[in-house]
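Taken verbatim from TrEMBL:
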DOMAIN    41-291  domain 'G-protein coupled receptors family 1 profile'
TRANSMEM  25-49  transmembrane segment
TRANSMEM  61-87  transmembrane segment
TRANSMEM  99-120  transmembrane segment
TRANSMEM  140-163  transmembrane segment
TRANSMEM  196-224  transmembrane segment
TRANSMEM  236-259  transmembrane segment
TRANSMEM  271-291  transmembrane segment
Amino acid sequence: MLVFNHSSFMTFTLMGIPGLESQHLWLSLPFFSMFLAILIGNSAVLFLVITEPTLHTPMYLFLALLMVTDLISTLTLMPKVLCLFWFNDRDIASSACFTQMFFIHGASVVRSALLVAMAFDRFVAVCEPLHYNTILSHSLVGRLGLLAVAKGVILILPMPLLLQRLTFCHRVIPHTYCDHMAVVKMACSHTRPNRIYGLFVILLVVGLDLLLIGFSYALILQAVVRLNSRDATFKALNTCSAHLFVILVTYVPALFSSVTHRIGQNIPPHAHILLSNLYLLLPSVLNPIIYGMKMKEIRVKVTKCLCRG
């Protein structure tokens, strides 16, 4: 068996989407369309939040951080995927592979942490509206943003570090990017610590973050039930609707992809890979659309910009 030492300048080969290699050129069309939609949509919302002083509120500052996270994740993923589809450029150096892994998975952790912070923001807006600006000061928003980034770095950095101790027997990764578990499966040495740590991160991020979000919304629902006015109830629920939609498009594909990856042995490999890409790209495509449709301030600013043009 040919063994590739991790310490050498080894190169992995990305297979792309197994079983659909002949369709890569056609598959590049929806991928490129999503790439453009993410760049345009997220950049437009980010530009509006930065340039409009009236949008310098906690909710929109968290939204801007979410847009930045989506852009980093997409710019780490898509250039290599499109090069693979268009030019059959499959090779990726181990250092570049581990770096890509760090930023893609790190961005996912940061995104999840920001959704928790945004749930807290909605809790304060509904339950403590008179103290909203006092509680959610710009300094607190900044600290929560730094905490989200720190969580992503601390939890994901051990993944590439643990991989560097492994010896690899295979170089062809059946994936479009350097997914942690896909790279772990390339090793012929003992990978149990890598697998346990990967599962620990998933349970901690998805489990704990969803628990905190659920707790926030339980308190919000409790406060909404006590409201006597139907208009006040509708306004309170409408305040949270955009965030709830974003939670759904973020966690449902992620959980579905994770479950099928572990127990869906009868699901074809190309379905696994497509789901894995979808859970990374779908939230970044839909977030600007959801917030653009649900947030009146963004709709007004976009309309003004279009009319001015």
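Cβ coordinates are placed from backbone N, Cα and C, and glycine is handled just like the others.
Restricting the average to the domain 'G-protein coupled receptors family 1 profile' (41-291) gives a pLDDT of 89.
Two recorded stretches are said to be in contact when at least 3 C-beta pairs lie under 8 angstroms, sequence spacing 6 or more; the transmembrane segment (140-163) and the transmembrane segment (236-259) fall short of this definition. Three or more CB pairs closer than 8 A are found between the transmembrane segment (236-259) and the transmembrane segment (99-120), so contact between the two stretches is assigned (pairs 6 or more residues apart).
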